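See structure below.
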Amino acid sequence: MSTAVRSGRVSSWESFCQWVTNTDNRIYVGWFGVLMIPCLLAATICYIIAFIAAPPVDIDGIREPVAGSFLYGNNIISGAVIPSSNAIGLHFYPIWEAATLDEWLYNGGPYQLVVFHFLIGISAYMGRQWELSYRLGMRPWICVAYAAPLSAAMVVFLIYPFGQGSFSDGMPLGISGTFNFMLVFQAEHNILMHPFHMLGVAGVFGGSLFSAMHGSLVTSSLVRETTESESQNYGYKFGQEEETYNIVAAHGYFGRLIFQYASFNNSRSLHFFLAAWPVVGIWFTSMGIATMAFNLNGFNFNQSILDAQGKVVPTWADVLNRANLGMEVMHERNAHNFPLDLATTESAPVALQAPAVG
């Protein structure tokens with residue numbers, strides 16, 4: 001009887017597979033990382049070059065280029081990678097689709113390159129979170145929580161331009177450009193009066209409040225393991241089995257500060273709540289922007305409230321309406337003649353009948 005002995009030599013591909021999926025590496029790569037790393041590198045390199053040296057972009061498609069780079073007079077606050085031209089619309093616009101490199105730059109090609117590689121990269125990062133959790137035997141909720149900011153990036157860079165019909169409506173990649181996007185979004189969609197945005201505000205601000213409350217309660221109820229002359233941080237050893245703070249004391253304090261049932265007596269349910277509150281809020285905001293992308297806008301109160309004598313009762317809705325009209329008038333000043341919201345009178349026919357002769 002003969003036995004076959006397999007050679008101990010491992011192929012290069014097997015070595016690569018073992019390295020990619022090895023959880024003992026200082027930084028886990030994973031199969032999603034194989035996609036993530038080149039995409040994020042491409043997006044980052046192109047973004048830096050464009051922010052420094054990209055020529056002006058004809059964002060509105062009316063031959064009035066907008067400069068966004070350092071070399072054309074911007075600083076870190078005003079600079080941005082300008083979205084691709086309205087003349088391109090929703091067309092996929094890689095470098096090889098343009099006749100020349102100058103044309104590609106003039107029409108805002110770098111914006112699409114950065115955004116598409118960035119979205120693929122951050123999506124792969126979420127997959128990598130799941131992959132590492134799976135290999136370590138952990139539960140998958142880390143990538144679920146990360147899906148909230150991922151969805152926010154998806155809606156402002158992809159879904160909103162799709163709904164509006166052009167990547168020129170996407171969010172510029174810069175500080176002032178982001179603020180401009182927010183103001184124009186409010187002017188055109190009244191996002192402040194959208195219930196999903198309100199839930200998102202509650203999620204973000206509430207999450208900040210709960211995080212501060214939790215951190216301060218834990219810090220205030222640490223189990224003392226050190227002397228008065230030492231920092232309390234030295235009382236914790238990484239991996240120790242004992243609780244580092246007294247949850248009973250924290251529970252008792254908070255229950256007396258507000259009322260008993262406002263305080264969690266289960267550490268697991270407490271931390272789930274701390275994670276779920278902001279995540280659900282950001283998901284709602286993303287859904288709100290996705291609906292407004294297709295012009296299902298926030299509540300509008302275009303008609304002022306009148307009293308019995310027909311006089312206007314001033315409300316904050318009136319202030320918001322005037323602010324929206326002002327922002328709409330100011331943005332893209334040369335792209336359209338007059339905002340339709342301000343055209344309150346009926347249009348008169350110009351040449352529907354022939355003039356009388358003789």
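Sequential numbering from 1, following the chain as shown.
Placed from the backbone N, Cα and C atoms, the Cβ positions cover glycine too.
These figures come from a predicted structure and were not determined experimentally.
What Swiss-Prot records for 28-45 (among others) is transmembrane segment, and it gives sequence analysis as the kind of evidence.
In three-state terms derived from DSSP, H117 (chlorophyll a ChlzD1 binding site) belongs to a helical segment. Spatially close to H117 (chlorophyll a ChlzD1 binding site) yet at least six residues away along the chain are C39, L40, A42, A43, C46, judged by Cβ distances under 8 angstroms. Swiss-Prot lists H117 with the feature chlorophyll a ChlzD1 binding site, giving sequence analysis as the kind of evidence.
Feature annotation from Swiss-Prot assigns transmembrane segment to 117-132 (among others); the stated evidence is sequence analysis.
According to DSSP, Y125 (pheophytin a binding site) is assigned to a helical segment. The pheophytin a binding site annotation in Swiss-Prot covers Y125.
Long-range contacts of the transmembrane segment (141-155) within the same chain: residues 118-119, 122-123, 125-127, 129-130, 133, 275, 278-280, 282-283, 285-286, 289-290, 293, each at least 6 residues beyond the stretch ends and with a Cβ under 8 Å from a Cβ of the stretch. The transmembrane segment annotation in Swiss-Prot covers 141-155 (among others).
According to Swiss-Prot, the site 'Tyrosine radical intermediate' annotation covers Y160, on the basis of sequence analysis. In sequence order, D169, G170, M171, I289, A290, M292, A293 are the residues near Y160 (site 'Tyrosine radical intermediate'), counting only same-chain partners six or more apart with C-beta under 8 A.
Residues or ranges marked as [CaMn4O5] cluster binding site in Swiss-Prot: D169, E188, H331, E332, D341, A343. Neighbours of E332 ([CaMn4O5] cluster binding site), defined as other CB atoms within 10 A of its CB across all chains, total 16.
Per Swiss-Prot, site 'Stabilizes free radical intermediate' is recorded for H189, and the stated evidence type is sequence analysis. Close to H189 (site 'Stabilizes free radical intermediate') in the fold, though at least 6 residues off in sequence, lie M292, N295, N297, G298, each with a CB less than 8 Å from its CB.
Counting same-chain residues at least six beyond the ends of the transmembrane segment (196-217), those with a Cβ under 8 angstroms from any Cβ of the stretch are 250, 253-254, 270, 273-274, 277-282, 284-288, 291, 298. The feature transmembrane segment is assigned by Swiss-Prot to 196-217 (among others), with sequence analysis given as support.
If you look up Swiss-Prot, you'll see H197 marked as chlorophyll a PD1 binding site. Look at H197 (chlorophyll a PD1 binding site): DSSP puts it in a helix.
For S263 (quinone binding site), the number of other Cβ atoms no farther than 10 Å from its own Cβ, over all displayed protein chains, is 18. For H214, S263, F264, the entry in Swiss-Prot reads quinone binding site, with the evidence type sequence analysis.
Its Cβ placed at the centre, H271 (Fe cation binding site) has 12 other Cβ atoms within 10 Å. In three-state terms derived from DSSP, H271 (Fe cation binding site) belongs to a helical segment. Per Swiss-Prot, the feature Fe cation binding site maps to H214, H271.
Per Swiss-Prot, the feature transmembrane segment maps to 273-287 (among others); the stated evidence is sequence analysis.
You'll find the Cα of E332 ([CaMn4O5] cluster binding site) roughly 36 Å from the Cα of Y125 (pheophytin a binding site). In this structure the C-alpha atoms belonging to H331 ([CaMn4O5] cluster binding site) and H197 (chlorophyll a PD1 binding site) are separated by 23 Å. Taking CA atoms as the reference points, H271 (Fe cation binding site) and E188 ([CaMn4O5] cluster binding site) are 38 Å apart. Listed by sequence, the residues of this chain that lie at least six past the ends of the transmembrane segment (28-45) yet keep a Cβ under 8 A from its Cβ atoms are 19-22, 113-115, 117-118, 120-122, 124-128, 130-132, 135.
Counting every protein chain shown, the number of other Cβ atoms lying within 10 Å of the Cβ of F264 (quinone binding site) is 19.
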